[in-house]
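Okay, so here's the structure we're looking at.
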Amino acid sequence: MAATSATVLQSPFLSGSNRNLLSKGVTGLTVVPVPRKLVVSAAVTPKKSWIPAVKGGGNLIDPEWLDGSLPGDYGFDPLGLGKDPAFLKWYREAELIHGRWAMAAVVGIFVGQAWSGIPWFEAGADPGAIAPFSFGSLLGTQLLLMGWVESKRWVDFFSPDSQSVEWATPWSRTAENFANATGEQGYPGGRFFDPLGFAGTMNGGVYVPDVEKLERLKVAEIKHARLAMVAMLIFYFEAGQGKTPLGALGL
């Protein structure tokens, strides 16, 4: 219908998302619909929490200094040890190293006792144990070698790539295999540390890391490392009562 004059009518009833413009003309009413506006809001992914069903709330559950960028970060830092970024980096390095030792120890304890039948906390004192060195010689050698390695790691932590790989491994003609091929501290990769190519491939003699696989393996490793450290703590309590992990399992 043709309208010779029009007046726009507005009312609270028409102020919603379906608001229309009503034109009142001489010959009748013409309803003109107004297109709806699409409002897009980005959904914020909540940070994962170490307490199930709790997504945040205060520094106990969701500390502000943990932004979820670290592998396996579930907001657990009740003592606030990671408030300083430098200390946070060092504690993550320490957690990773201790976790790797714990995983090796758990496997060694099970396999060693299953093979020899000797409890792991008595293996060194057993008459049948292979001990070519006295305790003093073994302790001194361990302090010397571990002190050398740990001092190198300490310096490299604060000054990455400052330690000469060729000098550190003079017996190896392929010292480049020990290089930090992933480019990330604590995750060397390369032909020596990733021989099966779980997190990368060799391309023309050069190790090329797969970023997506590497990130998944980081999370998997830190989870297993934490479980192994908890397991070792339980083994210590069992040893204090004269029990072994296999004995606790009835094996």
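Just so it is clear, glycine is given a Cβ too, placed from its N, Cα and C backbone atoms.
Copied over from TrEMBL:
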- GLU95, HIS98, GLU221, ARG226: chlorophyll a binding site (BINDING)
- ARG100: chlorophyll b binding site (BINDING)
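Taking the centre of the Cβ atoms of GLU95, HIS98, GLU221, ARG226 as the chlorophyll a site, the nearby residues of that chain (Cβ within 8 Å, site residues left out) are LEU96, ILE97, GLY99, ARG100, ALA102, ILE222, ALA225, ALA228, MET229. All protein chains shown were included, and the count of other CB atoms within 10 Å of the CB of GLU95 (chlorophyll a binding site) stands at 17. A straight line from the CA of ARG100 (chlorophyll b binding site) to the CA of ARG226 (chlorophyll a binding site) spans 9 Å. Taken over all pairs of the listed chlorophyll a-binding residues (GLU95, HIS98, GLU221, ARG226), the Cα spread reaches a maximum of 12 Å, rounded to the nearest whole number. Counted within 10 Å of its Cβ, the other Cβ atoms near ARG100 (chlorophyll b binding site) come to 15, all protein chains included. Cβ environment of GLU221 (chlorophyll a binding site): PRO71, LEU96, GLY99, ARG100 lie under 8 Å away, each six or more residues apart in the same chain. For HIS98 (chlorophyll a binding site), other Cβ atoms within 10 Å of its Cβ number 15.
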